[in-house]
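Participant: Before we start, here is the structure in question, set down as C-alpha cells.
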Amino acid sequence: MRISVFGCGYLGAVHAACMAHLGHDVVGIDVDESKVRALSAGVAPFFEPNLDTIVRSGRESGRLTFSADPAAAAGAQVHFVAVGTPQRRGEDAADLTYVHAVLDALLPHLRPGDLVVGKSTVPVGTAAHLAQRIIEAGTGAVLAWNPEFLREGYAVEDTLTPDRLVYGLPPDEQGKVDGTPARQHARAVLDDVYRSALDAGTPLVATDYATAELVKVAANAFLATKISFINAMAEIAETTGADVTSLADAIGYDARIGRRFLNAGIGFGGGCLPKDIRAFAARAEELGRGDSVGFLREVDTINMRRRQRVVDMVVDELGGDVHGKKVALLGLAFKPESDDIRDSPALDVAVRLKGLGADVVATDPHAILNAIQQHPQLGFATNTVDALFAADVLVLVTEWAEYRELDPWRVAELVHGKVVIDARNALDPARWAEAGWRYRGMGRPDAEPAARPVVEPLEVAVVA
Ligand code: UDX
C-alpha cells in the first residue's frame with residue numbers, strides 16, 4: 001500500500017517508519033527541511049529508542065522516503081495527518097492551524113477513493129468539519145479518524161503492537177467509492193494498513209468520527225486524572241505522615257484500580273496530557289458542557305501545585321533563601337527515555353528556582369541541547385558528577401535509570417549539603433539516610449540521616 005504521512009514530529013516520524021517496517025511504501029512529508037534532511041539521512045531528529053534503526057532500515061529497503069514537498073503525496077492511496085495541535089497562545093483551546101494547512105496542501109493531490117486518515121489529537125467535531133471540506137472540494141476522497149495512543153519512549157513498540165485500534169468511520173451518507181459505501185471502503189483500507197496488528201489479535205473499535213476523537217482525549221483525561229488523584233493523596237499523606245507509595249501499592253492490588261499511573265511525584269508534563277486536558281475542558285465549555293469535565297480544571301491545578309511543592313521544598317531545605325546556593329537538578333526531559341522538554345515539570349522547577357536566585361545546574365542524558373535552546377539562562381552540566389559537585393541540595397526531577405541507580409555513598413563525597421529531594425519517589429529513602437543524607441520525597445515521610453553513616457562494607461572499603 002502506498003502511504004503518505006504529513007508531519008514528521010514525535011507522532012508522524014514514528015508512524016511513517018513503522019508503516020514502512022510493516023511493508024508499505026511510505027513518504028513522510030514535513031515543512032521543516034532540516035527534519036526531512038535528517039530523516040532522509042537515516043537519523044531520527046529527536047531521541048526515541050529504536051527509531052533510528054527502523055528509519056535506517058526503511059531507507060535501505062527503499063520503502064521510506066521523506067520530502068518537504070506536499071506533491072510527494074500524489075499517488076499514495078492513504079494520507080495520514082500527524083501534525084501537532086498545540087495549545088493556542090494564551091488560551092486553553094487547541095490550535096488547528098497545522099491540521100488545516102495539511103488539508104490545504106493535500107486537496108489538490110487527492111484522487112477518488114483516496115483515504116485521508118486523521119491521527120492528530122483534535123477537539124471533537126473537527127473530523128466532521130474536515131470531511132465536509134473534502135466533500136466540498138469534490139475530490140471523491142474519504143476521511144477516517146484513527147487516533148494514536150503511543151507513549152514517547154515506547155513509540156515504536158506502541159505503534160507496531162498497539163493495545164487497540166480505533167477507527168472513526170464516515171457515515172454512509174458520505175457517498176460511495178466504486179459503488180461501495182464510504183464507510184465500508186474506509187474500513188477495508190484501514191484493515192489493509194493494519195493487517196499485521198489485526199492478524200495478531202489487536203482489539204479493534206470501529207465507530208463514528210465523534211467517538212474516535214473523544215476516545216483519545218478521554219484516555220488522556222483518565223490518565224491525567226489518575227496521576228492527579230494519587231498526587232492529591234500525596235498531599236494528604238504529607239499532612240498526616242502517611243506514605244503514598246504504600247498507599248498506591250495497596251489500592252493498586254485492586255484489579256479495578258490497577259497500580260500503573262499511580263506514581264505520585266512532581267506530576268505530569270509533556271506535549272500531550274497537559275494541553276489535551278485543557279483543550280478538552282475548553283471544547284466542552286464551547287459545547288455548553290463545561291460542567292461535565294469541570295473536574296479536569298482541578299486535575300490541572302493539582303498537577304501544577306506539585307511543581308511548586310518541589311520548589312518550596314528546595315527553598316525550605318536551603319533555609320528560606322536560595323540566593324547563591326547551588327541546586328543540582330537531575331533531569332530535564334518530561335519523563336525518562338525522551339529528550340522532549342515540552343511542558344516538562346523538571347524544566348519548570350529549574351526555571352522557577354533560577355528565578356528565585358538559585359545557582360541551578362541541571363543535567364539530563366538526552367535533553368540538555370533542547371533545554372539550552374529554550375532556557376540559556378540556566379546552568380547545565382553534561383554529566384552527573386559535574387552537576388553534583390559542591391551542590392547544596394540534590395533534586396531528582398526525571399527518573400532516568402542512571403539517577404535511580406545512583407550510589408548515595410559515592411555521590412555524598414561530591415556534594416556540599418547532603419540533602420536529596422526525590423521529586424519522583426524513585427529512590428530508596430532508607431538507603432540514602434543510611435549513607436548520611438536527609439531524604440525528602442513526595443507524599444512519604446522524610447528520612448533523616450543515620451547519626452553516623454552505616455558503613456556499606458564492600459563499597460566503602462573499595463573507595464578507601
Ligand atoms: C501520553 C499517553 O500515555 C499516550 O497514550 C498518549 O498517546 C500521549 O500522552 P506521553 O506524553 O508519552 O503519553 O507520556 P506518559 O508516559 O503518559 O507520561 C505523561 C506524564 O505523566 C509524564 O510527565 C510522566 O512522568 C507522568 N507520570 C506518569 C506520573 O507523574 N506518574 C505516573 O504514574 C505516570
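Cβ coordinates come from backbone N, Cα and C, glycine included.
Straight from TrEMBL, here's the annotation block:
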type	residues	note
ACT_SITE	CYS272	active site, nucleophile
BINDING	ASP30, LYS35, THR85, THR121, GLU152, LYS275, ARG342	NAD(+) binding site
BINDING	PHE149, LEU150, ARG151, GLU152, LYS216, PHE261, LEU262, ASN263, ALA264, GLY265, GLY269, LYS335	substrate binding site
DOMAIN	328-429	domain 'UDP-glucose/GDP-mannose dehydrogenase C-terminal'
Participant: Spatially, which candidate from the recorded positions ASP30, THR85, CYS272, ARG342 is nearest to ARG151 (substrate binding site), comparing Cα atoms?
Facilitator: CYS272
Participant: Reported as an integer number of Å, what is the Cα distance between LYS35 (NAD(+) binding site) and CYS272 (active site, nucleophile)?
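Facilitator: Rounded to the nearest whole number, the Cα-Cα distance is 21 Å.
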Participant: Running a distance check here. Ligand 1 versus the binding-site residues PHE149, ARG151, GLU152, GLY269, LYS275: which have CB less than 6 Å from one of its atoms?
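Facilitator: The binding-site residues passing the 6 Å Cβ test are PHE149, ARG151, GLU152, GLY269.
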Participant: The domain 'UDP-glucose/GDP-mannose dehydrogenase C-terminal' (328-429): mean pLDDT?
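Facilitator: Summing pLDDT over the domain 'UDP-glucose/GDP-mannose dehydrogenase C-terminal' (328-429) and dividing by its length gives 97.
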Participant: Widest Cα span across the NAD(+) binders ASP30, LYS35, THR85, THR121, GLU152, LYS275, ARG342, in Å?
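Facilitator: Spelled out: the longest distance between any two Cα atoms in ASP30, LYS35, THR85, THR121, GLU152, LYS275, ARG342 is 24 Å.
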Participant: So how many other Cβ atoms are close to GLY269 (substrate binding site), meaning within 10 Å of its Cβ?
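Facilitator: There are 23 such Cβ atoms around GLY269 (substrate binding site).
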Participant: Specify the count of other C-beta atoms within 10 Å of the C-beta of LYS216 (substrate binding site).
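Facilitator: Here the count is 24.
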Participant: Compute the C-alpha separation of PHE149 (substrate binding site) from LYS275 (NAD(+) binding site), stating it in Å without decimals.
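Facilitator: The separation of the Cα atoms works out to 15 Å.
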Participant: Taking each of the binding-site residues ARG151, LYS275 in turn and counting other Cβ atoms within 10 Å of its Cβ, which one has the fewest?
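Facilitator: Counting other Cβ atoms within 10 Å of each of the binding-site residues ARG151, LYS275 gives the minimum at ARG151.
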Participant: Looking at the binding-site residues THR85, GLU152, ARG342, whose Cα is closest in space to that of GLY269 (substrate binding site)?
Facilitator: ARG342
